[in-house]
Amino acid sequence: MPRKKVTDVSGNGGLKRKRGGGKKKEREFSSDDEFDDYEQENTKKPGKPAAKAGLQPVTVADDVKEKIKLEVPKVKGQLLIFGATNWDLIGRKEVPKQQAAFRNLGQNLWGPHRYGCLSDVQVSCVVSGPCAAHSLIITTEGKLWSWGRNDKGQLGHGDTKRLEAPKLIEGLGEEVIVAAACGRNHTLALTENGTVYTFGENKLGQLGQGNQTDAVLSPATIQYNGQPIVKVACGAEFSMIVDCKGNLYSFGCPEYGQLGHNSDGKFIARAQRIEFDCELIPRRVAIFIEKTKDGQVLPVPNVVARDVACGANHTLVLDSQKRVFSWGFGGYGRLGHAEQKDEMVPRLVKLFDFPGRGATQIYCGYQCSFALSEMGGLFFWGVTNTSRESTMYPKAVQDLCGWKIRSLACGKSSIIVAADDSTISWGPSPTFGELGYGDNKPKSSTTAQEVKTLDGVYSEQVVMGYSHSLVIARQDTEQEKEKLKKLPEYNPRTL
């Protein structure tokens, strides 16, 4: 096994292109308020639902529909949190007027903390996303809890009240939840029998319920009667699901081609305003392609999706042959095709299409991508810091060579990794504690650092929201339990 080393893994390399190299300006950087910029602009309006009148919900006869029972993840442990917890301020210059009462709630936690209210709760899965200021946990019993920002009802409690600490979603109390996903302001939850519930913002059809409304405050099922679903993922304002047969479906905002239907959905409405023809119910992604060196486009047959991951405006899919496809916004090289062109349908990432070079895990950050190869190597492409050069195609992260990575997550610009007995993180300034280095320690790092505050803590799973980190810490032995007890307890102030 190669010698372990943790040095510079900033991912710079490959064909490098600097920011501003002729690529159109990406909307996600057009406003300091990155959560609400589409509300401030007139360029992102949903089109008329009538435009989708011909699309019928996916339906499979009951006699051919598979019967499945998905399992809650086998992991169990205690939840740890660090990073920004003023949920209404994350990604914004100031707290919105309607949330003014919460202005001084929440703080930056510079090191790992235990939630006091969860001292007796065994957590099997934790969920957030690079666009999200809300989070979810799934307990060992398959119950879903949520907390954080709730402007659009993305917590699923039937209201828009922000929550400082995890609370059981009573509307899903009768269900066993096995997986979930967080978008910017919406949430997907997957049950053990393959049913998908959605809640939160639905202005762009991202809930897949067949309509466009400002918000859905309580869990409701998507308009879909096909084969049971086994995977769910969320981009900023769109959603992806995979059924048990390996078919991929998408719904929500089609901007940049991120839905994979060979269109960005733009059309000119009245007063020369650009609007989007949103997908309001799950629609199958039917075409997968590869491009040859001479520019020829060839279809890729027999794609059976096994996993899906979403960034703010791009998507990765891992198929049964360990191939990786990417599409959506092409800025900063996040698609891995050595060019900054948007892709309207899933395109094969060439590096992983060789014997012994296939991928086993995929991850998306806000504007970057990672894949773990079957040989155990970690590959990176895209950018975490837009002031630095982009990595335009997958490049091995040599400085994590030799680490056995089991979990990885990306926030807006920070990264956290669980590998062997260590937790590793890095990210450029500004950071808000999501790197977990502790009080009176460096706040940011452009090179990977072991998180010393978690020495002796075995991280089963790591997850990042926009600027906060969540860890499931194993507590199987008395030694592990004692180590966790020494961590500070977080009991947030509430109104």
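Heads up, the Cβ atoms here are built off N, Cα and C, so glycines get one too.
As written in Swiss-Prot, here are the features:
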type: COMPBIAS; residues: 31-40; note: compositional bias 'Acidic residues'
type: REGION; residues: 1-56; note: region 'Disordered'
type: REGION; residues: 291-298; note: region 'Required for interaction with RAC1'
type: REPEAT; residues: 76-138; note: repeat 'RCC1 1'
type: REPEAT; residues: 141-192; note: repeat 'RCC1 2'
type: REPEAT; residues: 194-244; note: repeat 'RCC1 3'
type: REPEAT; residues: 246-320; note: repeat 'RCC1 4'
type: REPEAT; residues: 321-374; note: repeat 'RCC1 5'
type: REPEAT; residues: 376-420; note: repeat 'RCC1 6'
type: REPEAT; residues: 421-474; note: repeat 'RCC1 7'
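For the repeat 'RCC1 1' (76-138), the neighbouring stretch richest in Cβ pairs under 8 Å, chosen from 194-244, 246-320, 321-374, 376-420, 421-474, is 421-474.
Remark: secondary structure over the repeat 'RCC1 1' (76-138) totals 9 helix, 26 strand, 28 coil, with classes taken from DSSP.
Secondary structure by DSSP for the repeat 'RCC1 2' (141-192): 3 helix, 23 strand, 26 coil.
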